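Features of the protein shown, as given by Swiss-Prot:
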BINDING   G11, R72, C73, G102, D103, G104, S105  ATP binding site
BINDING   R21, A22, V23, V24, R25, R154, G185, A186, E187, R211, K213, K214, H215  ADP binding site
BINDING   D103  Mg(2+) binding site
BINDING   T125, I126, D127, R162, M169, G170, R171, E222, R243, H249, I250, Q251, R252  substrate binding site
ACT_SITE  D127  active site, proton acceptor
Amino acid sequence: MKRIGVLTSGGDSPGMNAAVRAVVRKAIYHDVEVYGIYNGYAGLISGKIEKLELGSVGDIIHRGGTKLYTARCPEFKTVEGREKGIANLKKLGIEGLVVIGGDGSYMGAKKLTEHGFPCVGVPGTIDNDIPGTDFTIGFDTALNTVIDAIDKIRDTATSHERTYVIEVMGRHAGDIALWAGLAGGAESILIPEADYDMHEIIARLKRGHERGKKHSIIIVAEGVGSGVEFGKRIEEETNLETRVSVLGHIQRGGSPSAADRVLASRLGAYAVELLLEGKGGRCVGIQNNKLVDHDIIEILETKHTVEQNMYQLSKELSI
């Protein structure tokens, strides 16, 4: 394999640039040319592809977002769209592709593999919802962004003796909410993967207030419901002054943490190794600090789960 491509797809995550950098530098180290596909699968179809050199990825390891940009692409879901994308790759002599993104990006890589084009997926999403890896690129940075927000909100919550509901990202996965809630000392954590008892949450807040607690923090993953609605109900049923903060897209931005830069570098380089070994239809990950790879179809068919022992611990520590 003498030429490979790399693209970023779906929601951006801090560390994607570090992964792109690793792909380019690892490939060039092995005398393999690298082409960047801009705007994800949309760029594959439109032919927005250019050769990347060492200088192309200079000064990006510390930058958030993605140098290659990203976009949604409904056309790629069609056979015609995929065939057009593959034709553009073959026109340039590109023989394999590294896809950095979440489960939707993995689905695209799977489809390309089914068309006979070798792909390797690299998990890039702040949601940490890709099976087969302990952590995804961007999760640690997003987590630290949320923790920073919790700490600052706690200061004002204490000053005004208020309850705060903080809504974080996670439509289908509660990892950000769970980890941030545990690290931030939240009184309650609501995630899509676990049932919750609103009456118990209300009772716990009342008990805390009765014993002199000056503030409370509740973390809600967006997939559970609206933080605003939770805030209204809490204030109505507890008579405690309650405010809501929806963190939104700030969780996706910012300079990647050291952990995300290292993770992205390791996974990006490993993806190139797999392609050069002729292994397509795979995706990479990290488990127990060791690099691993899996069949991408198996990963797509595996349901993501949160660590139940951590969820239980969060309940035990929030009494």
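The backbone N, Cα and C atoms fix where each Cβ goes, glycine too.
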Same chain only, sequence gap of 6 or more: which residues have a CB within under 8 Å of the CB of V23 (ADP binding site)?
I4, V6, V34, V98, G268, A269, A271, V272
Do any of T125, K213, R243 (binding-site residues) have a CA within 10 A of G11 (ATP binding site), and if so which?
T125
Pairwise Cα distance for C73 (ATP binding site)/T125 (substrate binding site) [Å, integer]:
17
When the Cα-Cα distance from D103 (ATP binding site) is computed for each of the binding-site residues M169, R171, R252, which gives the smallest value?
R171
What is the separation, in Å, between the Cα atoms of S105 (ATP binding site) and T125 (substrate binding site)?
10
Of the binding-site residues listed here (M169, K213, R243, R252), which is spatially closest to R72 (ATP binding site) when Cα positions are compared?
R252
What's the CA-CA gap between R21 (ADP binding site) and D127 (substrate binding site) in angstrom, rounded?
22
If you measure from the Cα of M169 (substrate binding site), which of the binding-site residues R25, G102, G185, E187, H215 is the nearest?
G102
